[in-house]
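K.L.:
The structure under discussion is supplied below as structure tokens; questions concerning it will follow.
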Amino acid sequence: MGGEATASEKELQEREDQLSQQIQDEIVMGCVVNLALWPVLLGAAAYVAYKYNCSWVPYPFIDEKFHVGQTVRYLAGRWREWDSKITTPPGLYVIGWAVQRTVGLLVGWNTLSLLRLSNVIGGLVVWPWFVLRPLYFFNALAFWPATLSVFPLLTSYYFLYYTDVWSTILIVGSLTLAVTVPFGERASIWASAICGLLSCLFRQTNIVWNAFVLVVVLERRTMIHKGFNSLRINNYLKLIIHGIENWNSLVLPYAVNFALFLIFLLYNGSVTLGDKSSHVAGFHLVQMFYCLLFITFFSVPVWFCRSFLLNYVSRTVVYPIWTIFEILGIMMIIRFFTVVHPYLLADNRHIAFYLFKKLIGRNRFLKYFVMAPIYHFSTFVYLEAVRPTVFFFHPILPIEVKSPVDLPLQFTHISWSALIICTLLTVVPSPLFEPRYYILPYIFWRIFLLVSPEPFFAVPTEMTYRFGNTRRLAVEFLWFILINAITIVIFATNAFAWETEASLQRIIW
């Protein structure tokens, strides 16, 4: 019996060693691939940027006419002038001013090209190297920085002068500083809060994501110092207590942001800075389903496998009445909480226009009997893809990690709940179906998500103990490249005239 036990222990140890080696190989492969892809992406982006500026849209495009116009005022020294049509604070224009004043001394480009360059630099240098790369080492088996650098909803705006790129860089950068603490805990938390505050100068709703970062900051320290366990309500109380006990070092930096934003609200009377009549907040609950639909679509390589689909089918079979009531509930939400903004139906320069006109809102059959089950499945994907990756806590024993910097980038039930709440708070009040609003909900969901090592089409009997994520991560990268290629082709080959615009118009996200 002793010999059998020894043999079994030896076999188990060999499997653990093999798994450990496979994980190391995956991490090394990921690093090598990301380093190799970056110069290729940089070269491709340079070509696309050249086509944007010299061929396709060598003039301010859609919202650029407002952004460029305001930046030109700053370049002329007219800092007190403001275009009342602009809805966001002036963060983008300060960056554009800085790029024009510095890079403009070295090259003879026109002002529009220089302003667009600020987003190219942000999207292909700052975003992958200074924001995603540090997070990658906390969850190296989950995502590739190169892949999130070509996330389609974000990539489209690398070549235009829009607020989304730097808004994303700064608020996700706030999370990066809070997790990686590169300057020591106190200085890093303050730097994180400052990044979060600066992000609100690009998009006001980023104040909500400041709250998400604060939750992550608190939970990563509370689970160590207070000892999270399997009693979830108890963990929430521990987090609140730890926040009160460490108010000055952990909470105060973000509380300053919330206080400043409250002052802004009282002064401005609205979240929207200008053109308030066209951006009135409401209760557009269907917007959450639009968001989950996009998340499901973009994350297909992450969750798609036979067992995942079978789990959804088995759930509907085992709980048919419950599933029917859920879908009926979604239909009721579609019926009573759908907002069709006039801009959506009037602007055929956005893919959202065609999605709504041809699919989502084409007729009652598609709207209710096709889209409701799709929304139901998207909700399942959003929730179930995360479930296996959430921290598991022992009923009694504390976790072995002693420092927050040694924790992986992983959800607990608290941060997972916070992400859902923050997503609701940022997308539901918006009356406009605008895919750009889903960038941050997707990014924050994706970077915490562990990728299943299960092969795409494997049946349970074919499963092995071999660990491997490279194939899925590679497919995810190629999936994004394919989507980007299609959207660029659509943009390049579909030019049409508007009576109210002097230049040709094109189609973007």
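From the backbone N, Cα and C atoms, a Cβ is placed for every residue, glycine too.
Quantities reported herein were computed from a predicted structural model and do not represent experimental measurements.
Grabbed the feature section from Swiss-Prot, which reads as follows:
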| type | residues | note |
| --- | --- | --- |
| CARBOHYD | Asn53 | N-linked glycosylation site |
| CARBOHYD | Asn268 | N-linked glycosylation site |
| TRANSMEM | 27-47 | transmembrane segment |
| TRANSMEM | 112-132 | transmembrane segment |
| TRANSMEM | 134-154 | transmembrane segment |
| TRANSMEM | 165-185 | transmembrane segment |
| TRANSMEM | 197-217 | transmembrane segment |
| TRANSMEM | 247-267 | transmembrane segment |
| TRANSMEM | 285-305 | transmembrane segment |
| TRANSMEM | 317-337 | transmembrane segment |
| TRANSMEM | 379-399 | transmembrane segment |
| TRANSMEM | 413-433 | transmembrane segment |
| TRANSMEM | 439-459 | transmembrane segment |
| TRANSMEM | 473-493 | transmembrane segment |
K.L.:
If you count the other Cβ atoms within 10 Å of each Cβ, which of the glycosylation sites Asn53, Asn268 comes out on top?
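P.N.:
It comes out as Asn53.
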K.L.:
Distance between Asn268 (N-linked glycosylation site) and Asn53 (N-linked glycosylation site) at the Cα atoms, whole Å?
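P.N.:
Counting only the Cα atoms, the answer is 36 Å.
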K.L.:
Same chain, outside the transmembrane segment (134-154) by at least 6, Cβ under 8 Å from its Cβ: which residues?
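P.N.:
Same-chain contacts beyond the flanks: 23, 26-27, 30-31, 33-34, 37-38, 41, 123-124, 127-128, 164-165, 168, 172, 175-176, 179-180, 182, 294, 298, 407-410, 435-436, 438-439, 442-443, 446-451, 469, 473, 476-477, 480-481, 483-484, 487, 509.
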K.L.:
What same-chain residues lie close to the transmembrane segment (247-267): Cβ under 8 Å, and 6 or more beyond its ends?
P.N.:
185-186, 189-190, 192-194, 196-197, 200, 204, 207, 210-211, 213-214, 217-218, 221
K.L.:
Using a cut-off of under 8 Å between C-beta atoms, tell me which stretch among 112-132, 165-185, 197-217, 285-305, 439-459 contacts the transmembrane segment (473-493) the most.
P.N.:
285-305
K.L.:
Short question: which residues 6 or more past the ends of the transmembrane segment (413-433) have a Cβ under 8 Å from it?
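P.N.:
Same-chain residues near the transmembrane segment (413-433) but 6 or more away: 205, 208-209, 211-212, 215-216, 219, 232, 235-236, 239, 279-285, 287-288, 290-291, 339, 341, 343-344, 352, 355-356, 386, 390-391, 440-441, 444-445, 448.
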K.L.:
Sequence-remote contacts (6 or more beyond its ends) of the transmembrane segment (379-399), Cβ cut-off under 8 Å?
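P.N.:
Residues 223-224, 227-231, 235, 289, 292, 295-296, 299, 302-303, 308, 311-312, 315, 410-413, 416, 445, 448-450, 452 contact the transmembrane segment (379-399) from elsewhere in the chain.
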K.L.:
How about long-range neighbours of the transmembrane segment (27-47): same chain, 6 or more residues beyond its ends, C-beta under 8 Å?
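P.N.:
120, 123-124, 128, 136, 140-141, 144-146, 149-150, 158-159, 470, 473-474, 477.
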K.L.:
Look up Asn268 (N-linked glycosylation site) in the DSSP assignment and report helix, strand or coil.
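P.N.:
Looking at the DSSP assignment, Asn268 (N-linked glycosylation site) belongs to a helix.
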